[in-house]
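Trainee: Following this message is one structure expressed as structure tokens.
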Amino acid sequence: MASTHQIYKLMIIAILFLSFTLTSLAENAELASVPQCKSGPHASFCNNSKESTKLKIIAIFSILVASIIGVSLPLFTQGVPALGPDRDLFVIVKALASGVILATGYMHVLPDSFYDLNSPCLPRNPWKKFPFTTFIAMLSALMTLMVDSYAMSWHKKRMLKSQANVVETLENGSKELEKENGVIAADREDAKSQLIRHQVIAQVLELGIVVHSVVIGLAMGASDNKCTIRSLIAALCFHQLFEGMGLGGCILQAQYGKKTSWTMGFFFSVTTPLGIVLGMLLQTVYSPTSPTALIVVGVLNACSAGLLNYMALVDLLGADFLGPKLQGNMKLQTMAYVAVFLGAGGMSLMAKWA
């Protein structure tokens, strides 16, 4: 577990380093001064500092409550047998939340990155001569696969070493007893390997969600457009509620201790509100249409999109739908697919307003 936390910390440091590096590199793009980059098209009607501040305060508390409810629901049901991870209802709810996460990557984060990195506020060379968004998203998905793979390999190698030190040949035992012990050990190994898998999934998924949450919070906090903020509040509450349920389900399956589980839930809940507060504090110096902001936010969104899409398709939907529980129950599989389409459809519909 110590190494997994180290990997988690290293990934966060790498993202922060990437942000600062991109900020310095983006200084070369400041020469692109397009008139529409300085004032929005609805500045006369929608831009209202006093009204937008009120809406931001409402958004901070609304999103915080929705996030807490979403991530806490699976954790509170830990002591309810009917809602345990091995029950059908849990599988359906997790499928719904996975659909929301999938649509978040494809319908919200990826288009935002396209919009930022293809903005007229950026110079034509190189931003309009190469599809940076899809390239960065592809690299992000591959990097997520590498982290996923190496983390699992390290844990398995560590587990095999510990077993080699413990297992000893029984001198006077019968062959049947030795064989029985081998079967029990194999079952324990499979269970432990699956548990480690869930722990890696929970940590990598939270990383992708946290990055995206800070970015959208920062954009909302720095905006004075009351029309945009008003529509974002409902959309982000829905988004955080069901995304939190998906993350909470992964944390529950990872079987962390109470301290670790609630710490991860806490960080998920506060990232978007903190992003809004940070955006409000930096409002005088932060311009969402500046070349520096567009490049940094666009690249981070592309990274987040690649990570979320990989996690949703491979670690959440793929692992569940190709697993023995759903493969052995066609009725449950059909209900889970309906839940996925409902979650993805509802989140896709939100793209109309946010």
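Glycine is treated like the rest: Cβ placed from N, Cα and C.
TrEMBL entries are annotated by machine, without manual review.
Copying in the features that TrEMBL gives for the protein in this structure:
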type     : residues : note
SIGNAL   : 1-26     : signal peptide
TRANSMEM : 57-77    : transmembrane segment
TRANSMEM : 89-110   : transmembrane segment
TRANSMEM : 130-151  : transmembrane segment
TRANSMEM : 200-220  : transmembrane segment
TRANSMEM : 232-252  : transmembrane segment
TRANSMEM : 264-286  : transmembrane segment
TRANSMEM : 292-313  : transmembrane segment
TRANSMEM : 334-353  : transmembrane segment
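Could you place these features in context, so I can see how deep they sit and what lies close by?
Mentor: Sequence-distant contacts of the transmembrane segment (57-77) (same chain, six or more residues past either end, CB-CB distance under 8 Å): 83-84, 90, 93, 220, 229, 232-233, 236-238, 240-245, 247-249, 251-252, 261-262, 265, 268-270, 272-273, 276-277.
The list of residues near the transmembrane segment (89-110) in space but at least 6 beyond its ends in sequence, with Cβ under 8 angstroms from a Cβ of it, reads 74, 77, 82-83, 133, 137, 205, 209, 212, 239, 242-243, 245-247, 249, 301-302, 304-309, 311-313, 316-317, 320, 325-326, 332, 335-337, 339-348, 350-351, 354.
Here the transmembrane segment (130-151) has long-range neighbours at 3-4, 7, 11, 110, 113-114, 117-118, 200-201, 204, 208, 298-299, 302-307, 309-311, 314-315, meaning same-chain residues at least 6 beyond its ends whose C-beta is under 8 angstroms from one of its own.
Long-range contacts of the transmembrane segment (200-220) within the same chain: residues 4-5, 7-8, 11-12, 15, 56, 59, 101, 104, 109, 144, 147-148, 151-152, 155, 229, 232, 236, 240, 243, 246-247, 250-251, 253-254, 256, 264, 267-268, 271-279, 282, 286, 288, 297, 300-301, 303-304, 307-308, 311, 315-316, 319, each at least 6 residues beyond the stretch ends and with a Cβ under 8 Å from a Cβ of the stretch.
Here the transmembrane segment (264-286) has long-range neighbours at 53, 56, 59-61, 63-64, 67-68, 71-72, 75, 202-203, 206, 209-210, 213-224, 236, 240, 244, 247-248, 251, 256, 293, meaning same-chain residues at least 6 beyond its ends whose C-beta is under 8 angstroms from one of its own.
When Cβ-Cβ distances below 8 Å are used as the criterion, the transmembrane segment (292-313) is approached by residues 15, 18-19, 22-23, 25-27, 29-30, 98, 101-102, 104-106, 109-110, 112-113, 115-117, 119, 121-122, 127, 132-134, 136-141, 143-145, 201, 204-205, 207-209, 211-212, 215, 218-219, 286 of the same chain, each at least six residues removed from its ends.
A Cβ distance under 8 Å defines the sequence-distant neighbours of the transmembrane segment (334-353), meaning residues of its chain 6+ beyond its ends; these are 88, 91-93, 95-100, 102-104, 107-108, 111, 231-232, 234-235, 238-239, 242, 317, 320-321, 326.
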